[in-house]
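Notes to accompany the following structure.
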């Protein structure tokens, strides 16, 4: 999160619009610059290792510039106005449309970056209006984590449908432990977690009030009303949910593969991953696909673009994707690499399977996603806090999401 | 501040009279010199306050999106942004929340700060040590404070609810951050905690300035402690009180970091303030034009209070009170 006082922030934005052209220092010819969100030291080093591995082949050097995840896009916008964008810009998948629409990105086809054999979800994460602008080395999604000890003690099977989920959660609740937990915070975290419920129920992000998504809101509401889920979920981000799980205060949770290092680093609770529960037996779970995509901003210097494309091609060979996926616990986007990944990591196999049906948040609504995301957050927050019925909440959300049109 | 202006006004006057004797060129040179002295300050103000301010006002009349950063084009769209923002119920809610948050925070911070300042102005054992400890909240970064308070206020495992339950004050546990009815109050309470040290320190400083003999004289006249507080402490503190309240207002009305870390504006937008709405519009929805509208409203509100503050100051100091 970006925590800065508003006024300076607004002013900074304004100053930037002036174009700090003088500040754009031209990088050396043999250097490929990257802007990403690898601020964590371990992550930064890991990234550098892969960059170096590829750069060496072409006699290049890669220079990483990392800023916190939610500052990447505003930083990149500032750089765009001063014509100092990096050679490779690594964006969150949901941010790509804004940059693609602005005409700031070179398409992968023009660059000669090979995208054949990529999983559908991987492709959609990096596409805008049918054109591929970004390539994801690996993607993540959400699945059901559970505590096998607690399930066994309560004599509960891993739930596969929503009905089973509700009964299981009820049985698992008691004595300081909730049956189930998810994040319903009014920001990107909560929305990401709401989507697998919303989409699996048939909800449509382009028409929030189509009537199909209501079932998802009703399920969340029922789970909280049953007291199988804490009322505090409206204030929990995904990290908080994981903390609750690790503290043994919840028997099941929704979370992503990025929590694996934390879960592996503790020995208090046992954990396992299952597929996402579906509304009806035989249905298909539609979780969101998340992760970052690497893009190449348009540059006057074709040589720089070419170097960036070389690096992208190298990073995305099946071998390198597999290594990377294992390093960050995400699923490679090359179908072959994903299969090997699932075989080698049986514990995380549900993720590998889920990303084959996973959907990108922006595939349908493109640059309107931020407004839709806000509206969805408003809907589940007002339903969970008792402010409105699922139906009314989604009708209001639809009005809100389309207010600007 | 304005006490300083008195001598500085007389200085140029003296310079001008000596220049008169030397004739026109000398006068022009003195005038030039005078401007040269002011120039750095003027340039600084123009570059770092004037320009961003004007840009921000302009931006609120433009269709300003991510594309603008690439093309540099931001077409003017008249009052569209303003109309969109003012017809958004979220804005009206945020305005109301900001008012409640600011008034609540200032009332709490000021009353408790003043009470503590008066308390510590008596000398007693360990008073310095305790005063130093009370300053701690001031030293804690806002985001850290918010994260800690999130744990304290947790409905089920939070220390505050555990304490309240142990005292028998509640039985269910107050949903501090998870109920739209209580969340704003919780945010106000946390902000009061953060603001007390600032209020206490400044008011304590003000109290030290009040001559002791006033109290002695009042005591001789038979005034009790409450009477002395009302008739001596409060009036003598007036200028300091104005400063504390206006500065407190300025920092409270634009609150963002505390709210983002504490509740992200939730639950159900119950803690959205003008600050969080600007942030949301500009940096999440990437509609910089609409974000600028809310930013301008904030600037306007602050400006009104800044003017009031300057006037109050002039009244207090200018008349030689």
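Keep in mind that glycine also has a Cβ here, set from the backbone N, Cα and C atoms.
TrEMBL: automatically predicted annotations, no manual curation.
Note that the structure is a prediction, hence the values are computed from the model and not measured.
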Annotated transmembrane segment segment (source TrEMBL; candidates B:159-181, B:182-204): B:182-204
Residues flagged as transmembrane segment in TrEMBL, choosing from B:69-89, B:132-152: B:132-152
Selection from B:32-54, B:240-262, B:288-310, the stretch that has most Cβ pairs under 8 A to the transmembrane segment (B:132-152): B:240-262
